[in-house]
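Only one structure is covered here, and it is reproduced in the block below.
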Amino acid sequence: MISTLLSRLRRGPDGAPAPRLAFGADYNPEQWPREVWEEDVRLMREAGVNVVSVGIFSWARLQPGPDAWDFGWLDDVMDLLHHNGVGVDLATATASPPPWLSAAHPEILPVTDRGETLWPGARQHWRPTSPVFREYALRLVRELATRYAGHPALVAWHVNNELGCHNVYDYSDDAARAFRVWLRGRYATLDALNHAWGTAFWSQRYSDWEQILPPRLAASHPNPTQQLDFKRFSSDALKDHLRAEREILRELTPDVPVTTNFMVMPGTKGMNYADWAAEVDFVANDHYVVPSPRDRDELSFSANLTSGIAGGRPWFLMEHSTSAVNWQPVNLAKKPGELARDSLTHVAHGADAVCFFQWRQSAAGAEKYHSAMVPHAGADSDLFRAVTALGDTLKTLAPVAGAEREPAEVGILFDWESWWASEQDSHPTSLLDYHREALDWYSALLTLGIRADVVPTGADLSRHRVVIAPVLHLVPAELAKDLTRYAEQGGHLVTTYFSGIVDENDHVWLGGYPGALRDLLGIRIEEFGPLAAGETVELDGAGTGGLWTDRISVTAPETEVLAHYRSGVQAGRPAVTRRPAGRGSAAYVSTRLGAEGLASLLPRLLEPAGVTSDLPAEARGRVEATVRRGPGGRFLFLVNRTDETVTVPGLTGEVLVGDAGEEGAVVLAGRGVAVLRTPTD
Ligand code: GAL
């Protein structure tokens, strides 16, 4: 639990009592001479920093050779931080193997699907399945855990770093061996594997396990189930590494919580974090804004989904940036107010810690132009002043620590297996973007001022009156039953094109689409109608569709057609349907409407559930509202999504952050955030 970490954070030099929110960064003192460390801790105190992650890329420094160890500098760093009231989330330092290791054992290096080696020179050049790498990594973990087990600065363990960031897919011979072991575990017999992989197709039948390989570069599309299983396996291989390190840490320091930083972002789909969450003592996430017209919706979506993965419990924002990053084509600086707004949006969605990459901006190396809490300009800078102001705000928000998210009426189901399966090759369209569709629905709800929880498959859906399951492509029989039960018991399910199409083996449910959900939805589709790039179709009063259409026949008399196609090949046929099912309903949207189109359709989809915005009209779309509830009270977070001042009237509660206006109004400056507390009964 993150509360274990928070309670291990000592009273800070400012005397602020626990519980409090954690605030800090990755700290890389090995990049700096000793004198700078003294200034570091002085500035950390000034900024209110109370936790830092140390040692993430320190392997070469800690172990200069196979049998040489150098912990002296880290001892000093740990002591110094402790004396200054800063807790340490200590990394196991296994993320970047040192040159002596890769030189002696090039067989730890990852290999691409084309057989190219990923050489050392950057970081994360290791195979998740390499027994040699594993042995060296675990030896380091054991040394570190033994040495620092009783150190008073230690508040948590940070396994590796962003597992899979650069090495999720490895096609080496080690991977091939491990893949076979994994497949034997899943299928037990070759017959079962041959069935699941549909190897009757293209003469792919295996007669010996040794014939099976990762889906390396092939003459044409590799077997789709092999590809899907390789994705599952690759996520599991990294999870296995996480577990292996964690087991040593639990053995040697059973009271210290263990985490690793996830990256819940559109570009990091290889790691099934919903599945990994049970392996850590608290969920930690890294998030970076990738500029786009809806980039802050994506930030909110990521924070929201992280909360869903954490089961609504508080989580740890391990990294984000104070301003520009270094790895985009153009690295935009954050505008005034964005540093605080981005941070507090994460807190609004359950983060009990706000940390950055990194504390002090590097003078050398690949990330020297990446922003940090202390920029190249030094502490006399607007950026450091903004950091210090954020530290003060987080102190004010101390009572929020430990508060869970209050469930929203609407849930958006996010399903890793559907993400993987729906975007594979040789499909009706290569333009489908699973994450984007889910984000469109989320943005549309933000536009309407309606709170939604993003939840992974397996979460308790009965907490939500409406469940939106965009592109729920892979639906095993059990999930179809759960969704049917959900609707029959009064829930309102909304799903979209290319949902309910395949089972867990990526085999099509036969008899007409959307096979697994056909009866529940009361429709039948004989043929998909994907649209050419840029092609659009008009719907009756429900906007413009792109990407996809379906040739829908209504099969149940009670199915209503909420919108028809007005143009295109399907003109006159249903585009959006809803079937009353038991005490609830099941609706289907057969095209991509985008955030704007969905915002105009959603009120009709939400109507049977009676879900509307609880924000005053002035604030809808301009302000995002979230609620956390805990021992310290009920906290309403209001995040101004715009650059203009927004006044939100009619609020009750104590204004912890933000400006109280007249008669219960709160005035939010452009990009501003307010937090109100009301007592809980
Ligand atoms: C993360 C990583 C950090 C740093 C950061 C830069 O992926 O964990 O070490 O590289 O990105 O944005």
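Glycine too: its Cβ is placed from the backbone N, Cα and C atoms.
Given the structure is predicted, the values throughout are model-derived calculations rather than measurements.
Among ARG114, ARG123, ARG127, ARG205, only ARG123 appears in TrEMBL as part of the substrate site alongside ASN161, TRP327. Its Cβ placed at the centre, TRP327 (substrate binding site) has 11 other Cβ atoms within 10 Å. For GLU319 (active site, nucleophile), the Cβ neighbour count at a 10 Å cut-off comes to 21, with all displayed protein chains included. Confidence across the domain 'Beta-galactosidase C-terminal' (623-677), taken as the mean pLDDT and rounded to a whole number, stands at 96.
Long-range neighbours of ARG123 (substrate binding site) (same chain, six or more residues apart, CB within less than 8 Å of its CB): PHE57, ALA95, SER96, HIS166. Listed in sequence order, the residues ALA95, SER96, ALA122, GLN124, GLU162, CYS165, HIS166 complete the 8 Å Cβ shell around the substrate site centroid, once ARG123, ASN161, TRP327 themselves are left out. Proximity of the recorded positions ARG123, ASN161, GLU162 to ligand 1, judged by a Cβ distance under 6 angstroms to any of its atoms, singles out ASN161, GLU162 in sequence order. Reported as a whole number, the C-alpha separation between GLU319 (active site, nucleophile) and TRP327 (substrate binding site) equals 15 Å. Applying DSSP to the domain 'Beta-galactosidase C-terminal' (623-677) sorts its residues as follows: 0 helix, 33 strand, 22 coil.
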